[in-house]
Amino acid sequence: MTLHLKKVELHCHLEGAAPPELTAAQARKYGVDISGELRGGAYVWHDFASFLECYDKVSEVYRTEEDYARLTETYLDELAGINTIYSELIVSPDHGKRIGLGADAYISGICEGIRRAREKSGIEARLIVTGERHFGPESVIGAAEYAAKAGNPLITGFNLAGEERMGRVADYARAFDIARDAGLGLTIHAGEVCGAFSVADALDAVHPSRIGHGVRAVEDVDLVKRLADLGTVLEVCPGSNIALGVFPDFASHPLRRLKEAGVRVTISSDDPPFFHTSLAREYELAAEAFGFSDAEIDAMTRTAIEAAFVDEETRKALLARL
């Protein structure tokens with residue numbers, strides 16, 4: 001129903017996009033038992049805590065620069081196959097350090113995967129470096145400094161992810177100042193696990209152009225108006241929200257309400273195979289579960305390009321491909 005539509009994704013965690021088949025092959029390669037996390041070709045978890053545990057276990061089987069090149073290439077090839085023209089991948093150099101690969105080799109592998117995929121299909125991709133709240137402000141500042149000093153043209157944004165309930169956004173404001181001063185685009189996870197107040201905190205402390213999720217803003221009518229007035233773009237991931245119980249079903253999900261209130265919204269998949277979804281399915285849901293027309297979906301894709309962390313020449317080229 002929506003395969004013919006051009007697609008753009010602004011919110012996807014790279015390790016969270018690992019296809020189960022590739023993960024199974026990687027586990028065999030390293031002799032790692034992931035039978036508790038991967039059964040019948042699907043990732044297994046039952047609540048947010050076990051999702052994070054499953055995510056970490058899956059990430060363990062990606063260890064080398066080539067592993068990350070292959071993971072990135074595989075995901076971008078999948079996107080290109082459904083008419084996707086642009087993708088932003090959320091990546092963590094800190095994760096590269098923790099697994100002993102190192103931040104530079106981690107990023108280098110990912111960039112090689114982007115190069116391979118683009119050579120085949122023309123898909124464009126950029127990287128958003130993320131700090132993780134649960135490792136504390138100093139770790140997040142380190143991630144921002146890495147992104148700011150990398151001098152890598154594919155690193156164009158900075159994000160804050162991880163456990164939303166760990167501290168207030170103001171605790172991490174210094175990291176965003178560093179990223180902003182380096183000319184990086186700013187986005188932040190808020191309004192997912194925590195309520196509308198976390199979105200307000202993000203606006204007050206960080207002044208981001210985009211917010212990852214942000215859907216709990218619907219709980220505060222004044223905040224919704226503020227988002228609309230500011231033109232802040234929400235990276236909405238409906239399948240993820242339902243899978244994690246942020247909302248009980250698509251009928252209660254606020255994507256359409258937010259759009260009709262004038263908030264700029266886009267569609268993404270977050271950690272697709274973990275939530276039994278894909279970018280293709282998210283676009284299908286936009287049509288079938290939310291009743292958006294092709295023109296309305298195209299408008300959200302256009303919003304995503306307008307909000308993408310790219311140079312103006314690339315933005316014009318992407319808009320011309322719609």
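Cβ from N, Cα, C; glycine included.
As recorded in Swiss-Prot, the features of this protein are as follows:
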ACT_SITE  Glu192  active site, proton donor
BINDING   His11, His13, His189, Asp270  Zn(2+) binding site
BINDING   Asp271  substrate binding site
SITE      His213  site 'Important for catalytic activity'
Would you identify which of the recorded positions Glu192, Asp270, Asp271 has the most other C-beta atoms lying within 10 angstroms of its C-beta?
Asp270
Within 10 angstroms of the C-beta of His11 (Zn(2+) binding site), what count of other C-beta atoms is obtained when all protein chains are considered?
28
Cα within 10 Å of His213 (site 'Important for catalytic activity'): which of the binding-site residues His11, His13, Asp270 qualify?
His11, Asp270
When you measure from the Cβ of His213 (site 'Important for catalytic activity'), how many other Cβ atoms are you left with inside 10 Å?
27
Report, as a single number, how many Cβ atoms besides its own are within 10 Å of the Cβ of His13 (Zn(2+) binding site).
23
Cα-to-Cα gap, His11 (Zn(2+) binding site) vs Asp271 (substrate binding site), nearest whole Å:
9
Please report the number of other Cβ atoms within 10 Å of the Cβ of His189 (Zn(2+) binding site).
27
Does DSSP give Asp271 (substrate binding site) helix, strand or coil?
coil
Relative to the Cα of the residue listed as 'substrate binding site', which of the recorded positions His13, His189, Glu192 has the closest Cα?
His13
Work out how many Å separate Asp270 (Zn(2+) binding site) and the residue listed as 'active site, proton donor' at their Cα atoms, rounded off.
12
Spatial separation of His13 (Zn(2+) binding site) from Glu192 (active site, proton donor) - C-alpha basis, Å:
15
